[in-house]
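Asker: Look at TrEMBL and you will find 123-180 tagged as domain 'FHA'. Per TrEMBL, the feature coiled coil maps to 264-291, 356-383, 678-712. Among the features that TrEMBL reports, transmembrane segment is placed at 557-575, 595-614.
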Amino acid sequence: MAPKADKLAQNIDSIKSFLRRKLATYPELNEVIEKIKYIEKTLSEKKLTLQIISNNETLNQALFDLISNYSEFTQTYQIKYDLTPSSPLPISPQIKNTLTLKRLIVDSTEIIEEYILEKDHNYLIGRCPENPIFLDSNIYQGISWKHAEINPIENKQGEIRWQITDLNSSNGTFINGEKLNGSTILNNSDTITLAYPELKANIPCFEISQESINFSENINNEYQYIIDCDLLLLILDNNNLSHNEKEFLVNLDISFLSKVFIIVDFAEESHVNLEETNTNLENQINSLNIEYKIELFFLKLKAFYQEEVQENLSKIEQKNQDKFIKVLSNIIKRQPENILAKRLTAKLNPLVSPLEEILTQEDEELKEKIKESQDKLTKITQKNWKEITKNAISNVKEEKDKFFKQIKSDLAQAKSSVLDNFSKRSIVGKIQNFVDELQPTIFKKQGQPHVKLLPTHGDVNADLNEVLIKFTTNSVEKWALKEWDKIINNYNHGGLNDLLKRVYTYVDVIPDLFSESPFSPPAELDIANNFLISFMGIESEVRHKQVSMGGYIMKTLRANMMQIMMMATMLLAILGQKMGKNEIFGQLSQWFQRFPFLLGLAVFALIFFLTNSYNQDNNLKLEEAEDKLKKEVNTYYQSLSKNLIEKVIQDINLALEYEANRIDSALERVQEIYGDYISETEKQQVIIKANLESLKEKEKSLSKEITEFKKLAKI
């Protein structure tokens, strides 16, 4: 076998082996393998194909008979003849538009479904089951019932383009990451994502692709059959090329051809014009400006289609025929397998060249997947989440400890302030003021006068303890709730609410990890139980030991008689008179008889003095009783308020401890979430690294295959 043919045979065998290895990935290669087998079979037969064509079936048969008379030609040539075909029809490639639905699964993009877009259809996309493109809400998130629509439009050149329109969807439509407002024309390789700017889990992604389809294999089959030969012989039935023959020669595809001959059916009466005819035909051929060579022969074919014997040929006719036979003979003597190899190589190349595009595309897709995996790995590993989350937890604990330490200090100051004995605004001062404003009231109880403290305009039957208990508990409760509000909203730069916001900011370091704050809002302060108990009151009344007017006068006279007599004696002594007791009273009796008005004046003065003294004495006793009662009441309720404040402070401290424990519990949950995320991230790293290694191995293997294929393709 000739070197070229031998090399072709080896390459065909290698290509078949290569294609069989790719069958699992590309089942459609099975058809290519069958075609290559036919090429291999043709090569093994070592026969050149000689194609005869003309506009006259008789001439075809005549030339066929001429060549078939030589056994060497029938053994080395596969001879066929046909009428001259028409020039091939121009083929306009058609565009195939494909919409591919993709989805991110684990760490790779998987193709879910492909939709062939037809120019007379509109394509609604959404959750509605009746949509041509239905997206299941159990799989995809954020998709509207009728989310978007893709429809065909015709441009000025009459070309079909595809337009996408967002149908006022809730979460939007994105083209190559940009949000779509209204409608836009889609271009080849555009990426469409719904409800999110980029591809991620549970987000549908569409990619539109345009492919040019050539139907040449199904068109001009007759023409392709005829030019599939090594030697082409065109027979002319006159001395000139017809219009169709010229058109055929100009448009002739010589990819398979090694030799092209023009055979002129030479008549005996034209011998004298042979040279002129030859020149004329050569000029016609040259005027066609074709790049391939045509060999011209003049043969008398009449001898064959009229069954005339060979001896009837003239010397010129015999010479031309011998020359023609010699040319055909020389072709098969000079390694005809190389000529055959040329045609079969030309047939083989279109079969295998698309595979190179497939492999190249596969290589590009593989490189893209490697890049995506590398980007994911970089994104996952670019931050030390263990260290970041550890610092976040540490910051929260430090911030929490500082806050509650300061709150305890602020609470202690508030307690000192509310129990300050020297402050009118303190509860102690308010109780003092309240008690000071109480009024003493005398009333009869079991026939005896009693003194009782009552608020101004108070009912004598009112219970002072009930009033004071209510005043004290209300004051303590109001103070406690106000302090709790300060703890929540004011103390230490914004209170507990601001602390919870700050600590959430500290822990929210991993994007999209927390949909809401893990720290619950502060609870309400419950101190009602401190005021539901029955308080023991204090005695708020006392018996008023009031003496009657007569008794007071007698008591006063008895107590003051000696003083009166001494004063009278001193007065008489001053006047120079010396009298005894009886004499004094006798003398006074005479004066009163002589001057009766003096008696009335004396009696009036005595009654006025005794009454005034009686009232002063009663008021003094009443004030003493009032002061005693107020002191006792004030002391008791100040003590009660201090006791209640202590209990409320205990409740506030318990509430603060509860809030601190809630923060600690939330931190534990945060640490668990961090741990799960980091664990999942580490698993993803392992998966991505393993997948990356696998992809790199595939890329390496594919690169070798591409190199190997390119070597095989260079026949």
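One is the number of the first residue shown, and numbering goes on along the chain from there.
Just so it is clear, glycine is given a Cβ too, placed from its N, Cα and C backbone atoms.
Quick one: where do these features end up spatially?
Answerer: Proximity of distant same-chain residues to the coiled coil (356-383), defined by a Cβ-Cβ separation under 8 Å and at least 6 residues beyond the stretch ends, is recorded for 26, 107-109, 681, 684-685, 688-689, 691-692, 695-696, 698-699, 702-703, 705-706, 709-710, 713.
Outside the coiled coil (678-712) by six or more residues, the chain places 11, 14-15, 18, 106-108, 352, 355-356, 359-360, 362-363, 366-367, 369-370, 373-374, 376-377, 380-381, 385-386, 389 with a CB less than 8 A from a CB of the stretch.
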Asker: How many helix, strand and coil residues does the domain 'FHA' (123-180) contain under DSSP?
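Answerer: Taking the domain 'FHA' (123-180) as a whole: 0 helix, 25 strand, 33 coil.
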